[in-house]
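Everything on this sheet refers to the single structure shown next.
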Amino acid sequence: MSPTMASSLCVFAAMSGASGRPSAGGSAVPGRLSSSTQGGKGKRAVVQPLAASVVTETPAPAVAPARPVVDAPPRRRGGRGTVEHAAWKSVRQERWEGALELEGELPLWLDGTYLRNGPGLWNLGDYGFRHLFDGYATLVRVSFRDGQAVGAHRQIESEAYKAARAHGKVCYREFSEVPKAEGFLSHVGQLATLFSGSSLTDNSNTGVVRLGDGRVLCLTETIKGSIVVDPDTLDTIGKFEYTDRLGGLIHSAHPIVTDTEFWTLIPDLIRPGYSVVRMDAGTNERRFVGRVDCRGGPAPGWVHSFPITDHYVVVPEMPLRYCARNLLRAEPTPLYKFEWHLESGSYMHVMCKASGRVVATVEVPPFVTFHFINAYEEKDDEGRVTAIIADCCEHNANTSILDKLRLQNLRSSTGQDVLPDARVGRFRIPLDGSPFGELEPALDPDQHGRGMDMCSINPAHVGKKYRYAYACGAHRPCNFPNTLTKIDLVEKTAKNWYEEGAVPSEPFFVPRPGAVEEDDGVAISMVSAKDGSAYALVLDAKTFHEIARAKFPYAMPYGLHCCWVPRSTSDA
């Protein structure tokens, strides 16, 4: 056996999960017109097709909050004269809180806390991180009550962040960053800690979820990066310790969370496959449900997210597969910790929640996705389930999206049309024993500018048939998703909010209490504006017109995923 293969197997062993059962137990204010329709500089944009009127401003808070310092990343070669967008700069101050100035009118029923997580610190002193996904986690809060808004942000105090702050350098393995080895013995020591998992980051910069019992977790793909936070103060409470014996070092960054349960996937890198596990609300114990064996390739396909239905878990297996050899590299490849194995095939597996039995495995066209949107069961006239429909943000089987998210690319290609095309990819997975499934666009990608990612839906429709999704799309030319998009999967149309130069983050749907219609509510997004300002944007989810914006007094970096904490659970 070669040394490379031996090292790879050690990493596989260290990162594998359980390979089987455990051995032991108001009225809306329309958005403003874009500069292209108004003919003036800096005009705000909006819902397409065009609509419009001027927003009335409410008075600023009586006490102006202090303005945190925003730290520009170090200039790199070739960057002379480049105007860097606030979305890709770090917030240097660790925390801030204050009342937000409002434009427009917030609905009085909007009563709770919006939380957004993401990588908000990309530099340590003079050292700048390479990739969007490397940054240390910054948690943002906007609390809505009685038509007012209070904002805050704070760095999540992971061990990785605290060590980097103390030593002024990277101390754990991030997405593309590896601690610098000082000599051969140091390198050997790093390999040993990699195999044990102790050098993997706990930088929980990806998602934030509210569990059924009210606890709030920030998450990333390492299991050790599950961190409990206080949604009111944003304090880091501590690690979320799983009390089971399932093991594993990595899991899906996006679990499925409901009021009663928590579902996730644990990749097995020794015997390529996935363990499907669930956790009841109020516990820390994951329970093994079943195992899916991979059909092809040297390792499991990356599972950043996955969908469920009422009765089934859908496990995707794409050709973008985990690669231990790339994980060992000090310098990243364009695919980072993955490899593309087109020859291995692409598959969708369906597991029964109740029995843990795999009821279907079908081959599908090649695909690349970070985020599944939703799935539901297709039934015949007699009520029998005949197929599973699963929708995702699909990048046309193009892996270049990973390298396009290097910070150098994001900072240097503003105004260029270099964002790879994406679509709402719809899988149809037959349950009649057929060996093949289908993958087609759910609507014309030109409806949303051939850009699609960062989706949310009405939470009452998770696992059920649904009509609407809220996402980030594209107004071209662009190098990153730059619109907010409402997708209508019945009419196969899209409404797009756009503001010149703005970078919005994932729009999160919050239903109006007592609502009957699926799109009765608001969509909230944090926006990094062209002029260096930042605000929480609130859109009427029906019309997709702007209702209000709550303005922060300082620039805000881009963030990833978000959640909603109702007032009843966040503040008595």
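Note: Cβ is positioned from N, Cα and C throughout, glycine not excepted.
Those TrEMBL annotations? Automatic predictions, nothing curated.
Quick look at what TrEMBL annotates:
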type	residues	note
SIGNAL	1-20	signal peptide
REGION	20-44	region 'Disordered'
BINDING	HIS254, HIS304, HIS371, HIS561	Fe cation binding site
Nonlocal residues around HIS254 (Fe cation binding site), in sequence order (Cβ under 8 Å, 6 or more apart): THR206, GLY207, LEU219, HIS304, SER305, PHE306, HIS371, HIS561
Chain-mates of HIS254, HIS304, HIS371, HIS561 with C-beta within 8 Å of site centroid, Fe cation: THR206, GLY207, ALA253, SER305, PHE370, PHE372, LEU560
All-chain count of other Cβ atoms within 10 Å of HIS371 (Fe cation binding site): 21
Which listed residue (HIS304, HIS561) has most other Cβ within 10 Å, given these are binding-site residues: HIS561
